[in-house]
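Sequence annotations record features per position, and here Swiss-Prot assigns GTP binding site to Leu10, Ala11, Gly12, Lys23, Asn51, Asp69, Asp99 based on sequence analysis. Swiss-Prot lists Asp99 with the feature Mg(2+) binding site.
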Amino acid sequence: MSLRIDAVILAGGQARRMGGQDKGLVELLGKPMIEHAITRIQPQVKEILINANRNQNLYAQFADCVFGDEDSGFLGPLAGMVTAMGKTQADLLLVVPCDCPCLPTDLVARMAAALEAEAADLAVASDGEYEQPVVMLLKPSLRDSMKAFLAAGERKIDFWYAKHKVAVVSFADQPNAFVNVNTPEQVEQLSKALTQ
């Protein structure tokens with residue numbers, strides 16, 4: 001029996017370093033940033049969900065399920081993740097940010113393999129040097145744990161996942177896979193790098 005895997009793309013932040021522009025809709029090489037993430041992720045999952053706290057009508061062109069955080073107040077990525085876990089019927093949920101346009105095309109396969117091999121609750125990607133806390137594959141059954149963590153006033157993803165059995169999956173062979181774009185200058189730099 002194969003597992004159903006859905007993905008949620010997190011686009012719910014305030015994007016302060018992007019001058020308040022909605023990062024997922026900022027264009028990179030003529031396409032919104034989120035479209036780059038979708039192109040990389042779509043073949044790897046059954047359904048894509050988008051967590052967005054603004055411009056939901058614009059995001060609706062990219063996914064059937066677009067939703068805001070259950071708890072208003074921009075509580076960070078965990079708030080989007082906990083909401084997504086309540087909306088999916090999947091066995092596993094892939095979480096990725098909207099501002100990572102170069103995600104690995106073998107992300108799900110490698111993370112699912114590590115999750116199974118290590119009998120872990122979740123898998124977190126690493127660039128070989130640093131863990132990427134907002135790139136993870138997890139069981140939606142962890143929702144209650146995450147809700148309790150948020151209710152206690154906690155916000156840091158890595159503090160939450162440290163409470164569970166975690167498989168860290170290295171993508172050192174793809175050093176630019178998790179390049180994320182936070183400022184207009186970084187958009188320009190990445191545009192140049194991708195067209196060289």
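Cβ atoms are placed via backbone N, Cα and C, with glycine included.
Everything Swiss-Prot records as a feature, shown here on the structure.
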{"residue": "Leu10", "record": "GTP binding site", "Cβ neighbours (10 Å)": "28"}
{"residue": "Ala11", "record": "GTP binding site", "Cβ neighbours (10 Å)": "28"}
{"residue": "Lys23", "record": "GTP binding site", "Cβ neighbours (10 Å)": "24"}
{"residue": "Asn51", "record": "GTP binding site", "Cβ neighbours (10 Å)": "29"}
{"residue": "Asp69", "record": "GTP binding site", "Cβ neighbours (10 Å)": "22"}
{"residue": "Asp99", "record": "GTP binding site", "Cβ neighbours (10 Å)": "26"}
